[in-house]
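Q: Got a structure for you, written out below as structure tokens; questions coming shortly.
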């Protein structure tokens, strides 16, 4: 067998702590933390720094089905089979607020890019949008006719995409709350869906072992992959938009090169179904979870471009004709240094930088601290309400005793 190339993905860390299948994963903004949810009803927050103790958050009464960090990384949302959503402050105390979000299992939770709202999807066939502050219900989207497995905001927060066991993927306009389009090409339940980082495409995975990529403007099927030998359970786009990572019940992870329209790597690591995958926000790492209770962190290695810089400049997608098989043309953004000269990249108009980096990072820090403050206030409000309820009950009991006591 040939020795692995330095550009191949490599297993970096192996986290053990869950007592049942891992269902979901998400990296924090700075990649310092990795959250995982499990059928064991717990969340784990793992630290990427070696020799750091993980946090175990217990609170849900049943399996944790989904986890998602807020854009600032200062809050962590989780959904569960107990029909509730919890918003946690991911520190050693692990405090959280809880609310009943749906009338059945919550399958998916995802923050909007501005951090002001989040979307949930459920077995009650609905998609709901909530405000992050005080978890106020905003509106519901209810055209699916079976369980909704997944719902995601577009990068600009204007659209929502949802995937369901009714074999459809639906695209919604957040403002009008109307269903813009239904994609019906899947032959079975649709397990996972997400937006391409450019916001122009969506990818969906299905129980029919396929992955499909559509253009959200023309609604045209751009790419169709049938590479796994069992259900595809999850997918994640690399932040550059050039790669797609998938996890399957055939126990493998696959990395697809979307620019070439071909399979790049097949990774074997899990014993039994691979249930969830997630790229870090920079794309340097990705994580996978399985029914074997394992969480694995891999170093990407396969693309050495510093995507932290690429992502700061939003360029329009460049058209690319794929010659692989009979795949149609695809619109994907090409990063600098790939498929075109540096000179042509520099000639493209760039967004003017209006704020110094130090000011930007200071503002981001303030916003993050406000998130924590808001959440702390919410936790205190819940505790106060609980105390008031108990006090009211005590007074009522006291009155009953007084009435029963003979003069």
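If you go along the chain as it appears here, the first residue is 1 and each next one adds 1.
Any Cβ shown, glycine's included, is placed from N, Cα and C.
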Q: For the region 'Disordered' entry in TrEMBL, name the matching range from 276-316, 317-357.
A: 317-357
Q: Looking only at residues six or more beyond either end of the repeat 'WD' (267-299), which have a C-beta under 8 A from one in the stretch?
A: 9-31, 34, 36, 38, 44, 46, 48, 230, 233-240, 245-255, 307-308
Q: Apart from its near flanks, which chain residues at least 6 from the ends of the repeat 'WD' (57-88) lie with a Cβ under 8 angstroms of it?
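A: For the repeat 'WD' (57-88), the nonlocal Cβ contacts are 20, 23-30, 33, 35-45, 94-111, 113-115, 118, 120, 122, 130, 132, 135, 364, 367-369, 371-372, 375, 378.
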Q: Compute the average pLDDT of the predicted model within the repeat 'WD' (99-140).
A: 95
